[in-house]
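K.L.:
What follows is a single structure, and I will ask about it in a moment.
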């Protein structure tokens, strides 16, 4: 069935049909220097600025090499752009003018869709935090006393955010085995992925003005997938007392498509019951909360490893945003905050390798018979996700993928 | 004596004479929307793009509202710009053309001089780390086992970097008294400053390529002063396990003048003897190291509180840069990394209030008879510094100042 759009080959239940319409930035082989905003429909990308120009519609915000100007416009602008693009792709009267600006996805190159400002990484899965806490701090309670009172987070390196497909060079660095007398320096031996969901801030907020839970939808433009690559041996040695640094800062990969928050209204669910009463600025019990029923899938060298359930996250993105700004910190267009590793309760639903192999003790069995305690050179990790849409269809969030390259010779 | 420059009122031993020439960004009352690059000479600011235009000299990199394009040019560009500006201010033949572009400092507004990319804060004073460790982790050794093996650091929020003079609103947030059963939410009750030195990256580096110790001067454009405002009660509750977050992210103040690294050649000193052998990538024993003999001064409400000695820092900025990129993390123009609080061994040389008052137990005695355990609303903190220059003169780094405003009513 293809009744919703005139675009060929886009059935009504397509994960990239007219109910999704995620934004990205692309170039073509003919004009590799000219980055343009594109909207995905099926297996095509629509050059939206070109359409706006062809229709004589206002297009200033779309005529940019990144999504930042559009994102800065705020929700009324997002809604009107989305309404216009929907009409272009659904009304047969537009077909003649619009169709020439559809390019097959297979022929374009996708780029980081926005210019990142600050990057914050949270730690919002109770299963993940419990698993990691147990491994990193044996003998202590796995959750720190603050964990259920506030969404723990830290700032990451925004300069090393890369788009899906960018190879990830194995980092080198310091690490110390528990029984060694001094640290050594060399290629990471415990390289891992972390499957996360990222939230991209569009509308900024001024310094000194917290963003309440209720204003989440006014500030967050959309959602992407994040692979927060982690060097577990570097991280374990460096992270006390000021947190992760080089164990995370070598690369963080983003999926190329930003799904508008407004496309995810059908995915909203209540988060798990919390056993600690939240302080008022984090209390979402009387509101329609921002839990999201996204189903993630992690593949290692093409083989499905796990299916992490985002609906199981203890803290929602709205709570994270409210917390992050509760001290008066401002927001900028392009701020990215990620959920933290998405892990469900079972081995088949965790979002990192260190959890799946339980710190390397129980390796992954690959289809070719090989085992993996952590990632090896040449391994490829892909994280994809879907979300409930209207009428029982599922929307696609695309995927974030990366292949490990060998470490560069140390200086 | 005024023999080095034709500019009136700039004696040869001026802290802002021709051996310094720091860069900033200013506006005038007549054109408040037009940000321009300025170089400080005595109590004047020189509009360098205007001079370049008047002389028919190349000026593209100077015709910008931030220092970023100039900083991105790299050291050969920095040296040639510095040589040109020196000649403009020293050769009498230039006076007639140059002098009209000098504006009295008192009449201009100074702005954040560069557009920040990533912000990293280190923790490089052994005295400070020992003092804080003892207070935050009583019963454990004050220095964590990794401290003398690597420069501990973490990413901060670059979106809340503000220029000196910007008021600092007291943050609100979660904290928990040791004897309380649950955390509370409200205005910070343990607001502090941290006196630090900041290093501004000019020339970027590609992903995957570490910057060795020897390349420090090729990448770092200059130096400023940093006040890393800290909410100690928020920080103590949140920082385990992922490090400081809201306790630091509400504001970080920068001095308005970036002193070129090349102006600080006379300030280079050997850092303190290290009692742990550094790994090769951090080993500066066979090189001329990048310890810097800067003398800081902290004033509280105009009264000198302490004089922190930067030469006492255990880790140098060159070691910090080598460490920060050792995993292959790239550098961007506008990256800022700060030293961490500068604290000497005595009470009169520490760089934070929590150290001076020993966690509030031994308050500051102000001249008016009042006491201060931590900062109160209306308090003003100013941090200034000087560096050795040629011929026994001292160069000024200017100052970073901020006044505390009362917390905004909580939502």
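The backbone N, Cα and C atoms fix where each Cβ goes, glycine too.
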K.L.:
So TrEMBL lists B:194, B:196, B:228 for Ca(2+); which of B:118, B:121, B:286, B:293 goes with them?
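P.N.:
Looking through B:118, B:121, B:286, B:293, the residue TrEMBL assigns to the Ca(2+) site is B:121.
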K.L.:
Can you figure out which of B:194, B:228, B:252 (the binding-site residues) comes closest in space to residue B:341 (substrate binding site), comparing Cα atoms?
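P.N.:
Given the candidates B:194, B:228, B:252, the nearest one is B:194.
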K.L.:
Could you give the number of helix, strand and coil residues in the domain 'Fumarylacetoacetase N-terminal' (B:19-113) as assigned by DSSP?
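P.N.:
Across the domain 'Fumarylacetoacetase N-terminal' (B:19-113), the residues distribute as 45 helix, 23 strand, 27 coil.
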K.L.:
Expressed to the nearest Å, what is the distance separating residue B:239 (substrate binding site) and residue B:252 (Mg(2+) binding site) at their Cα atoms?
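P.N.:
Counting only the Cα atoms, the answer is 18 Å.
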K.L.:
What is the number of other Cβ atoms found within 10 Å of the Cβ of residue B:341 (substrate binding site)?
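P.N.:
By my count, 30.
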K.L.:
Given the Ca(2+) site residues B:121, B:194, B:196, B:228, which other residues of that chain have a Cβ within 8 Å of the mean position of their Cβ atoms, reported in sequence order?
P.N.:
B:195, B:226, B:227, B:230, B:248, B:252, B:338, B:339, B:340, B:341
K.L.:
In whole Å, note down how far the CA of residue B:235 (substrate binding site) lies from the CA of residue B:128 (active site, proton acceptor).
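P.N.:
Cα of residue B:128 (active site, proton acceptor) to Cα of residue B:235 (substrate binding site) measures 16 Å after rounding.
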K.L.:
Find, for the listed binding-site residues B:121, B:194, B:196, B:228, the residue with the lowest Cβ contact count at a 10 Å cut-off, counting only other Cβ atoms.
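P.N.:
Comparing Cβ neighbours within 10 Å for the binding-site residues B:121, B:194, B:196, B:228, B:228 has the fewest.
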K.L.:
Would you list, in sequence order, the binding-site residues among B:123, B:137, B:235 whose CA lies within 10 Å of the CA of residue B:228 (Ca(2+) binding site)?
P.N.:
none
